[in-house]
Amino acid sequence: MSTDDQKVGLIPVTLMVAGNIMGSGVFLLPANLASTGGIAIWGWLVTIIGALALSMVYAKISSLDDSPGGSYAYARRAFGPFLGYQTNVLYWLACWIGNIAMVVIGVGYLSYFFPILKEPMVLTITCVVFLWIFVGLNIIGPKMITRVQAVATSLALIPIVGIALFGWFWFKGETYMAAWNVSGLGTFGAIQSTLNVTLWSFIGVETASVAAGVVKNPKRNVPIATVGGVLIAAVCYVLSSSAIMGMIPNAELRLSASPFGDAARLALGDTAGAVVSLCAAAGCLGSLGGWTLVAGQTAKAAADDGLFPPIFGKVNKAGTPVAGLLILGVLMTIFQISSISPNAAKEFGLVSSVSVIFTLVPYLYTCSALLLVGHGHLGNQVKTYVGITLIAFVYCIWAVVGSGAEEVMWSFVTLMVITALYTFNYNRTHKNPFPLDAPVKNGQ
């Protein structure tokens, strides 16, 4: 267990949640939404309602159960060790696979200043170096990594908040309305196409609860950080992407590789574009620290319960799962190097997409877990949280429906493989014969 001086307070963990949510995607969102048009504002409204509902689910369940591990801990408590094991493996995979995709984007922004980074071999080596830097910072301790991420998130917020607040001085209503709906679809179809982009934008809402073991006063701070992080991300997303849609004509915005950079150059000149690239790189690379932290924490929580190899639960004097973090570093390095060829890179793109779906399954389990764990503990808020949970359910399922068929298929295959792995894990940790004569209780 982490010592009190190593634990982190409310502001750093809130910024970690916001940084993990926004990550790299925020800087490309306006270009991705340009294929739909200004009507995307309605998609944002639907998405934010769903994301806030999900954040309130995590906030409430973490106030009832502050066990470290987040979704893993809730699934295990509500549904038993099998779904706990499944949740941990899915989430652990999603965290470190997502890091590999994120570091490539972050280093890509740095290529604005160092063109040599566009060379595949140099890019790969640089990515590996950054991955290990953040593994090392995590080993130093959670307080160090949250400080680094707080600085990185603050830097990333400079162009986002700048455009969100001051971009409106260059906003043209006619530019925005001229591309109100360029999707070729009706109103409902256009909003649905927007949701396929925006629903993914709040992945990371759960990260404060996963890191509960390293947070001071988790029953108070985790719920506040969860909802606060979502609200910060929501305001940044809507104001900045809407402002850019009114600054840059739709035809140009669709082709933009750096919408925030283009908007900054339009408003303040070329130097501003360089500043945006630097801030974007900081935001992407800084979020690596937070995702590495939660990957290590969910694995440690499961290992402590006998549902993951014991090595992931070994900690140093500060309570840091050093061995688990080193294993993460090795796995990320292997995958990073193996994705250097064009064919492998294409396959890894599929793996990255599948890993995002991996996070939705724990979300669904957590929604169900709240209604089970909260049974008899929600008082006069029962109806309120049933409604909130249903909204969060729809949010997650809609995100899965909007995914590609191939991604969903491989996610299902992974679930089947994890089922087989669980039997081996059970036999490894239980030396006695399976209790065939044990009575099965109703409701269990």
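Note that Cβ sites are derived from N, Cα and C of the backbone, with glycine treated the same way.
According to Swiss-Prot, the protein carries these features:
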- 8-28: transmembrane segment (TRANSMEM)
- ILE21, SER24, ALA94, TRP200, ILE203, SER355: L-arginine binding site (BINDING)
- ILE21, ALA94, CYS95, ASN99, ILE203, TRP291: agmatine binding site (BINDING)
- 37-57: transmembrane segment (TRANSMEM)
- TYR91: site 'Cytoplasmic (distal) gate' (SITE)
- 97-117: transmembrane segment (TRANSMEM)
- 121-141: transmembrane segment (TRANSMEM)
- 151-171: transmembrane segment (TRANSMEM)
- 195-215: transmembrane segment (TRANSMEM)
- TRP200: site 'Periplasmic (proximal) gate' (SITE)
- GLU206: site 'Cytoplasmic (distal) gate' (SITE)
- 228-248: transmembrane segment (TRANSMEM)
- 275-295: transmembrane segment (TRANSMEM)
- TRP291: site 'Middle gate' (SITE)
- 320-340: transmembrane segment (TRANSMEM)
- 354-374: transmembrane segment (TRANSMEM)
- TYR363: site 'Cytoplasmic (distal) gate' (SITE)
- 385-405: transmembrane segment (TRANSMEM)
- 406-426: transmembrane segment (TRANSMEM)
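Using a cut-off of 8 Å between Cβ atoms, the transmembrane segment (354-374) and the transmembrane segment (228-248) share fewer than three residue pairs, counting only pairs 6 or more apart in sequence. DSSP classifies ILE203 (L-arginine binding site) as coil under the three-state reduction.
Long-range contacts of the transmembrane segment (228-248) within the same chain: residues 14-18, 20-22, 26, 29-30, 33-34, 37-38, 40-41, 44, 48, 51-52, 54-55, 157, 160-161, 163-165, 167-168, 170-173, 175-176, 179, 198, 201-202, 204-205, 207-208, 256, 259-260, 262-263, 266-267, each at least 6 residues beyond the stretch ends and with a Cβ under 8 Å from a Cβ of the stretch. Excluding ILE21, ALA94, CYS95, ASN99, ILE203, TRP291, which define the agmatine site, the same chain contributes ASN20, GLY23, GLY98, MET102, GLY204, THR207, SER287, VAL294, ALA295, THR359 within 8 Å (Cβ to the Cβ centroid), listed in sequence order. Of the binding-site residues ASN99, SER355, ASN99 has the largest number of other Cβ atoms within 10 Å of its own Cβ.
Same-chain residues lying 6 or more positions outside the transmembrane segment (97-117) and placing a CB less than 8 Å from one of its CB atoms are 23-24, 27, 123, 126-127, 130-131, 274, 277-278, 280-281, 283-285, 287-288, 291-292, 295, 332, 335-336, 339, 348, 351-352, 355-356. Site extent for agmatine: the farthest pair of Cα atoms among ILE21, ALA94, CYS95, ASN99, ILE203, TRP291 sits 14 Å apart. Only pairs six or more apart in sequence are counted, and the transmembrane segment (37-57) with the transmembrane segment (406-426) gives fewer than three Cβ pairs under 8 Å, not enough to call it a contact. Residues 2, 6, 96-97, 99-100, 103, 120-121, 124, 127-128, 131-132, 135, 138-142, 292, 295-297, 299-300, 303, 311-314, 347-348 of the same chain sit 6 or more residues outside the transmembrane segment (320-340) yet have a Cβ under 8 Å from a Cβ within it. Note on proximity: among ILE21, TRP200, ILE203, GLU206, SER355, the recorded positions of the record, the Cα nearest CYS95 (agmatine binding site) is that of SER355. By number of Cβ pairs under 8 Å, the transmembrane segment (151-171) is matched best by 8-28 from the list 8-28, 121-141, 195-215. Comparing the Cα of SER355 (L-arginine binding site) with the Cα of every entry in TYR91, ASN99, GLU206, these being the recorded positions, the smallest distance points to TYR91. Neighbour counts of Cβ atoms within 10 Å were taken for the binding-site residues ILE21, ALA94, CYS95, ILE203; the minimum is at ILE203.
Within the same chain, residues at least 6 positions away in sequence whose Cβ sits under 8 Å from that of TYR91 (site 'Cytoplasmic (distal) gate') are GLY70, SER71, TYR72, VAL210, THR298, PHE358, THR359, PRO362. Among the binding-site residues ALA94, ASN99, TRP200, TRP291, not one has its Cα within 10 Å of the Cα of GLU206 (site 'Cytoplasmic (distal) gate').
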